[in-house]
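Now, the feature entries from TrEMBL:
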type     : residues : note
COMPBIAS : 8-25     : compositional bias 'Polar residues'
DOMAIN   : 128-201  : domain 'K Homology'
REGION   : 1-34     : region 'Disordered'
């Protein structure tokens with residue numbers, strides 16, 4: 001019996017030692033943050049934006065204004081494919097964020113829709129900006145003279161109505177034939193769209209102005 005006792009004691013001490021070893025975990029490994037191209041397994045991502053025929057001349061004229069912020073600030077490669085008639089964008093190894101590619105594509109797309117470069121470039125700088133498009137026929141089916149008068153009501157004399165809506169709602173509006181494009185934040189686009197829809201449906205400009213004043217005053221109070 002006396003010979004067996006020490007063996008049991010030995011096994012107990014060995015078990016307690018193994019428990020201590022299992023409790024002390026190795027230190028956590030420290031990894032460097034992944035770069036943008038590493039997050040997509042080193043794959044280069046592309047975007048292509050079609051160029052409509054009537055935007056060829058403006059694109060040629062303002063090419064450097066579009067190219068400089070995309071290439072130098074957003075670190076995205078850009079080129080014009082003359083054969084396919086598309087502006088091509090792709091990520092580089094030093095692109096800081098993959099989302100930059102989509103921002104640049106939205107910026108180029110906004111320019112193609114007819115927005116000026118200083119207005120469209122806001123899409124690169126701010127996250128909560130969007131472009132919304134709709135047609136006059138989506139609001140009301142108009143033909144011939146009625147359609148022409150509706151477009152006239154949207155613009156106003158010398159573009160006065162359009163500028164008034166833009167300034168009141170802090171948006172930018174492009175009226176391209178029967179298509180309407182609005183650039184701005186979500187809430188502001190809604191206010192501008194409601195005003196434009198009222199004009200299409202036949203409301204006089206004065207009534208739309210007074211409603212805009214009320215809505216913008218309410219917005220100013222909220223902020």
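Keep in mind that glycine also has a Cβ here, set from the backbone N, Cα and C atoms.
A TrEMBL annotation is a machine prediction, not a hand-curated record.
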Looking only at the domain 'K Homology' (128-201), what is the model's average confidence as pLDDT? 90
Treating G and I as helix alongside H, and B as strand alongside E, what does DSSP give for the domain 'K Homology' (128-201) in helix, strand and coil? 43 helix, 17 strand, 14 coil
